[in-house]
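Data block below; observations after.
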Amino acid sequence: MRLPDSQVAVLEAASATDERTIEQLSEATGLKPATVTGAAFDLEDAGLVAVSATETVSYTVTEEGDAYAEAGLPEVRLYRAAADAGAADAPVPMGEVVGAADLDGPEVDIALANYARKGYGEVESGRITADPETDPEADDEATALDALISGAATATATATATADEDALAELDRRGLVERSERAVRSVTLTDEGVTALMEGVEAAETVDRLTPELLASGEWDDVEFAAYNVEADAPETRGGKVHILRQTAERVKDTLVGMGFREMDGPHADSEFWINDCLFMPQDHPARTHWDQFALDVPPMRDIPADLLERVRSAHLDGVGEDGDGYHSPWTEAVAREIDLRGHTTSLSMRYLSGNEIGDLDPPERFFSVEKVYRNDTLDPTHLLEFFQIEGWVMAEDLSVRDLMGTFEEFYEQFGITDLQFKPHYNPYTEPSFELFGTHPETGELIEIGNSGMFREEVLRPLGVDCDVMAWGLALERLLMLMYGFDDIRDVHGTLCDLDLLRDTEVLH
Ligand code: PHE
């Protein structure tokens, strides 16, 4: 007879007279218990063995049970102390007895409840009696507990046999032991099994792959197919996943939409006009040099609204309003039309506020974007050449700095950041201006997370806006640092990135 390897081994290790457990067979054959079980069932189907199962119950003593086995059950200790104090003759005050029994905290209640349950005595008006008939040495539960402990660390069926079932059930209810049931399977050879062994069984040749040759020759019908080894090691595969920065960007968008904001959209490469001039940044401002921003070698932007261009030019030269003042420095249209990679998404805010994107706006209005910006910075743990800015603004009558702070508090709270700090700052386009800080959860350092302020007249008037606008640019990467505790921005970007962090971090929505 030809059988698969494992079945041959189990058949040979089984006996017709003795029951052999799966564990014993596993030891005898060197096969895993699961393999032995599988083979045993296959052999049973073929009528060569019989498989039987017995349920065994075992009890493990819990930590609390161990402690009581050592010190005595609380009610037994109480009984001894009460009897010593003479409570078998007349009631004695509880206080004395509890102290003598060395019971503390929750043990007192446990002792009293079980004392009453077992009829060891009574407690009334602060006095305790002890039943003279009780023998504290003969407590069933204490005896069962001791039997379990002396049996073995994990008490087995032998100990169970000596202990009384009711006492064990009570110990289980009290959490002093843990009961578990297990099926133990045993195998015996059947007569057919014995015969087969006498006639000789051989391991069938196993084939791990069905080939065209096996099919064509008809041999497939005779060969034994190897079973799949579902426990074999296989290469770990990791599915693709959205980068945590993108995931967090989505969460930020959801949050802002939830706060009533609409999303802005616009060019990454834009004219100096929208990036800087509208923001009342003088054309000779240091941030406008090639040290700071990436200039593109492309034709200048032609379609800038002429009237807006004129109003912005005039604000730069002469200021706005009666006593306004300009910069008294050169301003040329040629510079305004040059194209750069935007260094902030405030260019989008200018486009929307001017009415250029979706027409004139009617306050109150709220807009945001979560988009990339580009700066010619030096790469270091907190600076990259491109990063995401959370841009936003609110246009309404009579806004104050309190509205600005309240908005930030409401926003950051949704990301678990509740320790914001505000510092006065300077921007050519906002007055007053504030920098925003949060505390890094690991290093405890204050980290700058954003810049904000109220747009000034020199910005708003040329755009044609005649109410207040509060605005900000927040760094998405810094928000991530505060949320996930990494302290080098390069942990999430580029060749040095921390793959485990990227794989394991789940952004919760
Ligand atoms: N543009 C600013 C920056 O990049 C952020 C900002 C936007 C500040 C709007 C004030 C108002 O830092």
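Cβ coordinates come from backbone N, Cα and C, glycine included.
Ile390 (L-phenylalanine binding site) falls within a strand when secondary structure is assigned with DSSP. According to TrEMBL, the L-phenylalanine binding site annotation covers Thr346, Gln389, Ile390, Glu391, Tyr429, Phe455.
Taken from TrEMBL, the feature Mg(2+) binding site applies to Glu431. When secondary structure is read from DSSP and collapsed to three states, Glu431 (Mg(2+) binding site) falls in the strand class.
In this model, the domain 'Aminoacyl-transfer RNA synthetases class-II family profile' (252-504) carries an average pLDDT of 93. Here TrEMBL flags 252-504 as domain 'Aminoacyl-transfer RNA synthetases class-II family profile'.
Residue with the densest Cβ environment among the binding-site residues Glu391, Glu431: Glu391, by other Cβ atoms within 10 Å. When secondary structure is read from DSSP and collapsed to three states, Phe455 (L-phenylalanine binding site) falls in the strand class. Each of the binding-site residues Tyr429, Phe455 was assessed for Cβ neighbours inside 10 Å, and the highest tally belongs to Phe455. Sparsest Cβ environment among the binding-site residues Thr346, Gln389 (other Cβ atoms counted within 10 Å): Gln389.
Close contacts with ligand 1, defined as a Cβ under 6 Å from any of its atoms, occur at Thr346 among the binding-site residues Thr346, Ile390, Glu431, Phe455.
Closest to Glu431 (Mg(2+) binding site) in space, going by CA atoms and restricting to the binding-site residues Gln389, Ile390, Glu391, Phe455, is Phe455.
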